[in-house]
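J.: Sharing a structure, written as structure tokens. Questions coming.
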């Protein structure tokens with residue numbers, strides 16, 4: 001009977017790992033989870049050969065992140081780009097993540113809060129732009145970059161309690177169209193509006209009055225990895241690095257600073273910062289909130305005048321203070337050395353002045 005049971009279990013495992021369309025594993029966030037996360041050994045033993053060096057992690061919002069894999073001894077880790085996934089979803093120690101592998105190096109990730117053991121509500125409203133789109137409290141990026149775009153809405157109906165969603169550009173390499181996530185949110189919103197006796201004739205969208213389009217040739221994964229590794233080699237214990245994304249260099253122009261670094265090195269208030277590249281300097285505003293901070297006013301000029309592009313890596317080294325202004329030396333590691341300035345594109349609906357709502 002025992003031998004028969006063992007044979008049955010062997011058959012079940014073979015069927016599960018080799019023939020199921022999707023398989024799942026769970027991980028608790030602990031230790032150095034911000035920088036890396038170990039993949040269970042049993043999963044690796046069965047599916048390592050099917051995983052590429054970079055995998056796609058898709059959160060509940062439908063947005064996707066590219067994350068590089070790395071080995072440490074016999075442990076396989078989510079590594080390069082993982083910290084961005086953690087930061088964007090505001091993950092905390094002891095949160096619980098469920099990974100569903102769908103083949104082709106793609107995972108769906110569901111997130112549960114450490115105290116309630118319920119899904120993290122904000123994970124359904126995340127985009128690849130540092131903060132969630134929840135329109136309240138410190139978790140919104142809206143009031144940080146309100147001067148970067150306007151809100152439009154051609155609906156004549158009541159919009160109380162409605163949270164706008166941002167358009168996702170087609171040239172955002174790692175943000176495929178999140179149709180499933182948008183559909184699910186739209187369905188919930190429609191049910192909520194129906195319950196309250198309201199109907200919506202159209203959706204509200206973020207409109208960027210001005211943005212930039214890259215003219216650079218397509219880049220390879222090897223080139224991205226090389227730029228990242230060069231920046232890591234040049235880094236010190238006092239520095240931090242950021243891989244540029246579209247919201248940093250093409251539109252919006254807001255760059256988050258890693259929370260751990262900010263807690264140790266920055267005063268807990270909004271302040272001025274000088275960014276220095278060799279002899280040239282740029283004055284930017286460091287916007288401080290309870291849940292994080294980032295560079296806003298002035299960062300756009302820095303990004304444009306240094307011809308920064310998506311996947312370029314900036315290494316920031318603190319260099320003291322001058323007249324109560326923090327000075328940071330910035331080293332730029334380009335994915336492609338040849339510089340071709342991005343082209344400015346203006347939205348036909350843009351207007352000067354503060355953002356406004358159209359009804």
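Glycine residues also receive a Cβ, built from the backbone N, Cα and C atoms like all the rest.
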J.: Of 100-151, 152-203, 204-255, which span is tagged region 'Disordered' by TrEMBL?
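T.: Matching range for region 'Disordered': 152-203.
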J.: Within the domain 'TF-B3' (22-115) only, compute the mean pLDDT.
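T.: Summarising the domain 'TF-B3' (22-115) by its mean pLDDT gives 91.
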J.: In the domain 'TF-B3' (240-336), how many residues does DSSP put in helix, strand and coil?
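T.: The domain 'TF-B3' (240-336) comes out at 18 helix, 47 strand, 32 coil.
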